[in-house]
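Per Swiss-Prot, the feature domain 'Response regulatory' maps to 20-138. The 4-aspartylphosphate feature in Swiss-Prot is assigned to Asp71; the stated evidence is sequence analysis. The annotation region 'Disordered' is assigned in Swiss-Prot to 154-176. The domain 'CheB-type methylesterase' annotation in Swiss-Prot covers 183-373. The active site annotation in Swiss-Prot covers Ser197, His225, Asp321.
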Amino acid sequence: MRTAVASPAALDSGRQEPLRVMVVDDSVVIRGLISRWIEAEPDMVVAASLRTGLDAVNQVERANPDVVVLDIEMPELDGISALPQLLAKKRNLIVIMASTLTRRNAEISFKALSLGAADYIPKPESTREIAAADIFKHDLIQKIRHLAAKRRRPAALASAREPEPRPIQATPVPAHSAPVLRPFSTHAPRALLIGSSTGGPQALMTLVAGIGPVIDRYPVLITQHMPPTFTTILAEHLARAAGRPAHEGVDEEIVKPGHIYLATGGRHMRLARKGTGAVIVLDDGPAVNFCKPAVDPLFTSAIDVWQGGILAVILTGMGSDGMRGGQQIVAAGGNVIAQDEASSVVWGMPGAAAQAGICAAVLPLQQIAPKLVRLFAGDHS
């Protein structure tokens with residue numbers, strides 16, 4: 001294994017040096033596996049491979065990682081206890097929490113996000129699962145790469161996060177050409193659909209807290225890329241944030257105003273017409289866009305129910321899930337709003353929609369909820 005030596009001038013040179021990744025896990029098997037995956041990537045290097053959170057805290061300054069993959073359950077010092085100490089010792093450190101799919105670990109992962117962790121990833125529970133963990137490998141490498149890319153951009157992006165009131169308009173996109181916006185369709189919205197991935201849990205809680213008047217009168221359906229158990233916990237958090245009922249969608253459940261429906265982990269949430277309304281259909285088919293649940297199945301299936309009466313929001317996340325479904329929503333007469341780059345943890349999904357020219361608005365997260373309230377009240381200005 002090539003373990004990197006810290007280079008303080010890494011970003012001052014003419015080229016960017018490989019991403020430095022610290023792997024912290026008490027399982028030697030998982031540590032070795034993740035380390036080998038990282039070493040196989042041309043743009044990454046293992047900064048350190050450590051057994052406990054205490055080791056990580058003691059060595060983080062010397063190892064100088066860009067990213068830490070941090071297990072939750074470890075001896076001496078567990079991940080949730082090590083997290084604030086690591087962030088205090090290294091500014092802008094990206095920490096990805098790794099845990100098995102238990103309710104306790106899901107709760108801890110959500111707490112870690114509130115304490116400053118950048119993301120989480122579900123970890124295979126046995127060595128037999130690990131040996132064939134292609135999805136785990138794919139997701140981990142992509143998370144490391146995309147989260148680090150955002151942090152490595154000029155600090156000018158950070159200034160755009162300030163929540164000062166600004167006119168409702170498309171936000172300048174620093175690293176891409178400005179998206180071409182469509183005029184808002186005048187179809188009256190009848191349902192709100194939301195898709196999100198990396199950074200989504202925090203963004204969703206901010207969003208639902210500000211759209212109470214919308215939830216009271218219209219159904220809200222959300223697909224967040226997330227595994228089983230985690231979606232159960234997320235629904236509970238969304239209910240508290242919104243002050244309205246929120247739960248995982250149930251097969252053949254009738255969709256009603258006043259409720260938030262969340263796609264359950266491991267199954268796509270689709271919609272089907274029933275009379276004048278809609279029912280939820282849980283789909284155990286193949287992953288779409290490498291995801292299950294995926295956003296596109298929700299978006300496309302909703303058209304059969306509400307046609308042009310759909311308002312879709314695409315929040316922070318990796319990849320392009322939601323873009324194709326958004327295209328079909330727009331073609332049916334609906335509207336799409338995307339989160340802007342500056343306020344996104346990763347501007348993959350919303351960026352794909354914005355660059356495809358299907359958005360009527362590209363907005364900072366803090367401006368999306370007020371805009372939705374106005375749109376559902378009939379104000380399309």
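In case you wondered, yes, glycine gets a Cβ from its N, Cα and C as well.
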Residues of the domain 'Response regulatory' (20-138) by DSSP state, where helix covers H, G and I: 57 helix, 27 strand, 35 coil
Inter-residue Cα distance where the pair is His225 (active site) and Asp321 (active site), in Å: 10
Which same-chain residues, if any, lie at least 6 apart from the residue listed as '4-aspartylphosphate' yet have Cβ under 8 Å of it: Val24, Asp25, Asp26, Ser27, Ile30, Gly79, Ala98, Ser99, Lys123
Integer Å distance between the CA atoms belonging to Ser197 (active site) and His225 (active site): 5
Fewest Cβ neighbours within 10 Å, where candidates are the active-site residues Ser197, His225, Asp321: His225
For His225 (active site): DSSP state (helix, strand, coil): coil
Stretch-averaged pLDDT - the domain 'Response regulatory' (20-138): 92
